[in-house]
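A short worksheet on the structure shown next.
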Amino acid sequence: MSRYFLEMAPAMSEAQLKGLDEHKYSAAGTSAVEPVMQVYWRWLVEKVPLWVAPNLITLVGLIINVVTSLLLMYYSPTAREQAPAWVYMSCAVGLFLYQSLDAIDGKQARRTGSSTPLGELFDHGCDSISTVFVGVATCCAMTMGDSPDLMFITFFNAVFVFYCAHWQTYVSGTLKFGYFDVTETQFGVIMLFLMSMVLGKEFWGMQVPLVGLSVRVVAVIGSTSLSTWTVWGNFQTILKGGAGKNGSTVAGTSVLSPGFPILFPIVLALMIYKKSSMDLFQDHPCLYLLMFGMAIGKITNKLVVAHMTKSEMTMFDSSMIGPGLLFLDQYFNSFINEYIVLWISLIFVTFDLVQYCFLVCLQICDHLDIYCFNITSKPSKKGMNSGNMSKTKLFPSWPTAIPVLSKLYTQRFVTKLPSVAQGLRSHQYDWIVCWMSIRQII
């Protein structure tokens, strides 16, 4: 089945897969709280069993983060409602767990000797999705539905900052961390959830003395200022010239080429927001932001892939079909209910993102002969034929191994071992490997 998907709809070209083989992870800089957190993260990773795959750690953290964020959206669908206190607490805990698990996946990979380019890509991909859900949940926690313009600025500011971090990486070849970076931002959001839990939604509407502005507005101004400072630092790196030939990107393209893919959906989101005859964004802000967030999430993932494979960043993507449907519906005077089109668009872009991520992981696993959520490597045909198979690389994933073990046990006492070996020759390749491994043990 996996081979069918790889042949029918490859997400990466052969040139990209070859470029992936040459990729080396490069990062620079340390944020303010990272030295302190490193003590906790080193302690935490030692508690993780060695058989747990790094990508599995990242995925578990993302699932927790997404579920807790969706809980808040369920109780505050218009970002105006007061959610139960336990929901805000779950969001704070969920984000902290995601931060912790996201920080130790690389340590677990180095600890188990299972570092691969897929791990880096999987980590950044999960971060891009987490940014979308945490961004929407933050808007709900601050009840920004009463100030839709602030909500629009806050959310798209978050996804744009994340995109710019990888934009400058695509240009310079090095992921650079600032003094105030993602870890500090996550702690700020955790504190925001806790304040909403303790003080309620009324807190965000209170007037700040001497300033004459609400706490909500002051918070947005502060976060936007920090984001502007971060983006300015990224653009200084971008405009200095890249690591490619004649100051180009790592792929040899213009340093400004990644600008259009991110600006196009943001401008489209603003136009649809302002021209909607049904106040679509005001009445359904969570659905609206999730739809555009999923589309931008895929674009961000493609930028990360472009950097790691030293390939050109495409200008247009299928993820823009979702926002495009809303735009066309408005152009034809909303002949279909905008709320219905919004749901269709959200389902499409979510499926498009999940399909792309699935295919990329499948292709990389196939190319590198590894499993995505298993600590061991796949046995290559070359290794099988040469007889140089390491025991640590023999076993396939347990979902495949368990039914095979059961069948082998039954046949062991019914038809004896020779007939089992004969029968396995007609089964899948992984079954043969599992049989050979069991035979060595027996």
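A Cβ is built for glycine as well, from the same backbone N, Cα and C atoms used for every other residue.
Predicted automatically and left uncurated, TrEMBL annotations should be read as such.
Note that the structure is predicted; figures quoted are calculated from it, not measured.
Taken from TrEMBL, the feature transmembrane segment covers 50-73, 85-101, 150-171, 177-198, 210-232, 252-273, 285-305, 340-362.
Tertiary neighbourhood of the transmembrane segment (252-273): same-chain residues 148, 152, 156, 160, 163, 167, 170-171, 238-239, 241-242, 244-245, 280-281, 288, 292, 295-296, 299, 302-303, 306, 312-317, 319-320, 323-324, 326-327, 330, selected by CB-CB distance under 8 Å and a gap of 6+ residues from either end. Here the transmembrane segment (210-232) does not lie next to the transmembrane segment (340-362) in space: the count of CB pairs under 8 Å, restricted to residues six or more apart, is fewer than 3.
With a threshold of 8 Å between CB atoms, the same-chain residues lying at least 6 positions outside the transmembrane segment (150-171) that come near it are 79, 124, 127-128, 131-132, 134-136, 138-139, 142, 144, 216-217, 220, 223-224, 227, 230-231, 234-235, 237-238, 241-243, 249-251, 255, 258-259, 262, 266, 269-270, 273, 281, 285, 289, 292-293, 296-297, 299-300, 303-304, 306-307, 313. Tertiary neighbourhood of the transmembrane segment (285-305): same-chain residues 12, 16, 73, 76-79, 121, 124-125, 128-129, 131-133, 135-136, 139-140, 144-145, 148, 151, 155-156, 159, 162-163, 166-167, 170, 258, 261-262, 265-266, 269, 273, 311, 313-314, 317, 319-320, 322-323, 342-343, 345-346, 349-350, 352-353, 356-357, 360, selected by CB-CB distance under 8 Å and a gap of 6+ residues from either end.
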